[in-house]
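Taken straight from TrEMBL:
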type	residues	note
TRANSMEM	A:21-40	transmembrane segment
TRANSMEM	A:78-98	transmembrane segment
TRANSMEM	A:110-131	transmembrane segment
TRANSMEM	A:137-156	transmembrane segment
TRANSMEM	A:168-190	transmembrane segment
TRANSMEM	A:210-229	transmembrane segment
TRANSMEM	A:260-283	transmembrane segment
TRANSMEM	A:298-318	transmembrane segment
TRANSMEM	A:325-346	transmembrane segment
Amino acid sequence: MHSQSISSAIQDQRRSEKRRWFVICILFIILAFSFVLDVATGPSMLGVVEVSRALMQFFGLPAKVDVTTLVIVTELRLPIAIMAVIVGGVLGVGGAEMQTLLNNPMASPYTLGMAAAAGFGAALMLYIGSLGLSSNVAVPIGAFVCCMLAACLLFALATMRHITSGQLILAGIALLFLFQSMLSLVQFIASPELSQQILFWLFGSLSKSSWTNLAIVASVTVVSMALLMNDAWRLTALRLGEERAKSLGVNVNSLRLRTLFIVAVMTATVTSFVGIIGFIGIVAPNIARILVGEDQRFFLPLSFIIGSFLLSSASVLSKVIVPGALFPIGIVTAIIGVPFFFWLIIGRRRR
Amino acid sequence: MNQKIIEQSLCVKNLHVKIDQLELAKGMSFDLHPGEVTVIIGPNGTGKSTLLKTLFGDINRQQGDICFGETSLNKKWLSKWRKHFGYMPQDIHLDIELSVLEVVLLGQLDALSLRLNESMVSEALYALEQIGLLHLADRPVNALSGGQCQMILFAQAMMRKPSILMLDEPVSALDLHFQQVLLDHLDRKTKENRWISLMVLHDLNLAAQYADKLLVVKDGLIVSHGAPKTVLTPELVKDVYGVDAEVTVDGQGIPFIRTRRSSYKQEPDNVKTKLKKETGVSSVF
């Protein structure tokens, strides 16, 4: 029915889709590799082969490994390694969707003050003595509540009829400063020991991961990702500009609120468990955009995978930089992320 | 398509629109019919784009009815109302990492799923082929020129297969060739599919060539509504734009508008006669 040139253009399109799936698969394999490495590194170093065997056994595949290794892997290392993968992914996706919503490659939950709000919430909780709860429970709750509070302020702004993305970003940055100075205030009036604790929380750490935390984070992530993928095409359309998205039949306001809410819940959840890890939210989506473009069918999953990879490999580095000690992971992410990011921006050529 | 849809007209009655203190419509009434291209003309800032946005339900009206057949524009049923429309806003800036084909495909947003089906892809490609831009299909849109973007967005609007197609200055960035491609295509599709097409143009000669009806807007009022031949007079141009112009009729019976530099007013009469001799042929330029 259609002409020769149309058939060949269809093939071009299919080829380009295949290429992008291929990129996603490759990065997934790299992620799997860094995941295994993450499980293998630690105070008692394990061999990659041993770890692979233990993982296979854990997942019910036929393989045998001694009990000590199995316990180290499943009880100590695995929750942390999986947490790194999920948290990194969530931060990557959160950044990707913020950049999409606000039409700005510099947006991320961090730049909009959500992370700072979580930090403030955690610090406040530590300061007021955890309300009689165990600090392992109270601190995440404080962080979550404050993070959602910051998000609610952004929602309120976003529902206003004539507010532009630029104004929303400015408001977010204002929130960032507000919560940061309130955080400083808490640190200022707190005792030195408490201040130290707050600082430790702010650096971000995966070491408090347990199977329970993991279950909460994982279920929030799965639901959120499914909801976001359901809006994939609408989100792609949004990047054409709000007016054009409207003209294509997108209910822009409701999409914006819905996505902002999902991202806020995801970010608040992971931040409340692991603290502030800032850099991934900006970098992962930018790398994903360069690799597969902004068709959200590919952009969304790849942002997740790249975020996961960045945090997972940062977790490996945080354990090997100073042998025997755990380097704060938030610092490591920036150290490995920035040079890579520069290389991508500068080495980038138009297709 | 059933007969009922084809026979529906877009009716606007006593429309009042006010943004802040600015009255952009003070009681506009007009009907637009299927199979006709209507061109809105009028000075800058008189609310031509606002009128399109109001019809699309993006700007609230103070008063007045907007009906399409039996349905009328109502906030509650906005998304259903918008399904009838293809709308191409003025802005043609595309800063996104997508291929041309993907942008055109977004025209059928509601029908897209995670896996693109073959017929939809080939339909988008066919739309590109018809406007002569199939070779751009796999190029990234952020590497295109402004005019190419405008053509791509036109293809996107056509993909919606609307009952009512509204284009806001669709040729503002196009060269002569693509102006003709776009407007010819629009005219043909409008007649073929019995669309109600409404667009804003600034070039009166293009408007005269391609409009079935002209809708002249000034100060929130419809100054004139009808066929270009009857609407376009020197008096109207003077009244609406405050510009002196000569209106002649070219070989195909289409009005031709030639404005005069205001400094020519004092020139002797022979300029006028010389112009008269030459009008109707393109050598005037």
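Numbering starts at 1 and runs along the chain as it is shown here.
Yeah, the Cβs are placed from backbone N, Cα and C, and that goes for glycine too.
The list of residues near the transmembrane segment (A:137-156) in space but at least 6 beyond its ends in sequence, with Cβ under 8 angstroms from a Cβ of it, reads 112-122, 124-126, 130-131, 168, 171-172, 175, 179, 201, 257, 260-261, 264-265, 267-269, 271-273. Long-range contacts of the transmembrane segment (A:110-131) within its own chain (CB-CB distance under 8 A, at least 6 residues past either end) are made by residues 95, 98, 137-147, 149-151, 154, 169, 172-180, 182-183, 186-187, 189-190, 194, 197-198, 201-202, 264, 267-268, 271-272, 275-276, 278, 281-282. Residues 200, 202-207, 275-280, 283, 286-287, 290, 310-311, 313-315, 317-319 of the same chain lie 6+ residues outside the transmembrane segment (A:325-346) yet bring a C-beta within less than 8 angstroms of a C-beta in it. Tallying C-beta pairs under 8 angstroms between the transmembrane segment (A:298-318) and each of A:21-40, A:78-98, A:210-229, A:260-283 places A:78-98 first.
Beyond the transmembrane segment (A:260-283), the same-chain residues lying 6 or more positions past its ends with a Cβ under 8 Å from any Cβ of the stretch are 83, 86-88, 90-95, 97-98, 101, 105-106, 108-111, 114-116, 118-119, 121-122, 139-144, 147-148, 151, 154-155, 158, 201-206, 208-209, 213, 216-217, 220-221, 224, 227-228, 306-307, 310-311, 329-330, 333-334, 337-338, 340-341.
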